[in-house]
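Q: Sharing a structure below in structure tokens format, with a few things to ask.
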Amino acid sequence: MPMAKLRNIIKTLSIFFFLIAATAPSLSSATSATDTFVFGGCSQQKFSPASAYESNLNSLLTSLVNSATYSSYNNFTIMGSSSSDTARGLFQCRGDLSMPDCATCVARAVSQVGPLCPFTCGGALQLAGCYIKYDNISFLGQEDKTVVLKKCGSSEGYNTDGISRRDAVLTELVNGGGYFRAGGSGDVQGMGQCVGDLTVSECQDCLGTAIGRLKNDCGTAVFGDMFLAKCYARYSTDGAQHYAKSHNYKTNYGGEKTFAIIIGLLAAVVLLIIFLLFLRGVCSRGGDFSILHSFTLI
């Protein structure tokens, strides 16, 4: 093979490798807003490996993942021979997610809740984009305003105008309808959502409590989260990018590691192609390894 042609192939492969490396981080960041870990919890009651409940729980989690491909909320009950063997569970995606993003989020939540809650009968996991919960104790359709997570930022630099805008946004959330509510005013963004097993009136009551607690407990904080067992309300003062940074949320499944593995595999493929082209050049010269002395990448 002519050396000029070989060099052109190598240059093309190098450009391709660079484009993959340049675009992969942006593709990863597109999902980070839904995949970030918020909180998780497990029940104290355990089940035995290979038990009837474990089988029912696996069926339940599979149903959650499958259902998330076409619905943003659903709940299931997998009946057992006894109440303690019956698995109950639900998932809830954030109201502004597309179906593919919802399905991806729920699948990742399910993959993480097992290691988080090994052999526990109950578990719950909240990612930024979705929520899953399961237990062998009945909880579906029951309003629960227990505070699960409260997080408030600092009040430094938050002026009276900012507080007024924050209060206006939270009032808008209280007065809004539906199970998912979002709004903003200037640099203040707010969001609230109920789990879909609540009635409309229960949702309104739950969100009203969450927002009231958010205003009282976080005061003049630049951001605030109030997660109750069946609803949440949150606000930030300068949009989603600051929101993620100021909360210091981290994913639990190593997106950076996955990216590094992909880049490593691509590099190996490029090197293999270069090596095969090199061998072909050697063979075409009848085994003349003098090509080694003139071989230059670029």
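Glycine is no exception: its Cβ is also placed from the backbone N, Cα and C atoms.
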Q: Going by Swiss-Prot, tell me which one of C42, C93, C152 is disulfide-bonded to C117.
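A: Within the candidate set C42, C93, C152, Swiss-Prot assigns the bond with C117 to C42.
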Q: C203, C206: which one closes the disulfide with C231 in Swiss-Prot?
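A: Disulfide mapping in Swiss-Prot sends C231 to C206.
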Q: Say which of C218, C283 is recorded by Swiss-Prot as the disulfide partner for C152.
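A: Its disulfide partner, as Swiss-Prot records it, is C218.
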Q: Can you tell which of C42, C102, C105, C194, C203 has the least company, meaning the fewest other C-beta atoms within 10 angstroms of its C-beta, among these disulfide-bonded residues?
A: C42
Q: When a 10 Å sphere is centred on the Cβ of C206 (disulfide bond), how many other Cβ atoms does it contain?
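A: Around the Cβ of C206 (disulfide bond), 24 other Cβ atoms lie within 10 Å.
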Q: Quick one: Cα separation, C231 (disulfide bond) versus C203 (disulfide bond), in Å?
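A: Here the two Cα atoms are 7 Å apart.
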Q: Over the topological domain 'Extracellular' (31-258), work out the mean pLDDT and round it to an integer.
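A: On average, pLDDT over the topological domain 'Extracellular' (31-258) sits at 89.
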Q: Give me the count of other Cβ atoms within 10 A of the Cβ belonging to C130 (disulfide bond).
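A: Total other Cβ atoms inside 10 Å, all chains included: 28.
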Q: Given a separation of at least six residues and a C-beta threshold under 8 Å, show me what packs close to C117 (disulfide bond) in the same chain.
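A: Spatial neighbours, sequence-distant, of C117 (disulfide bond): G40, G41, C42, S43, G123.
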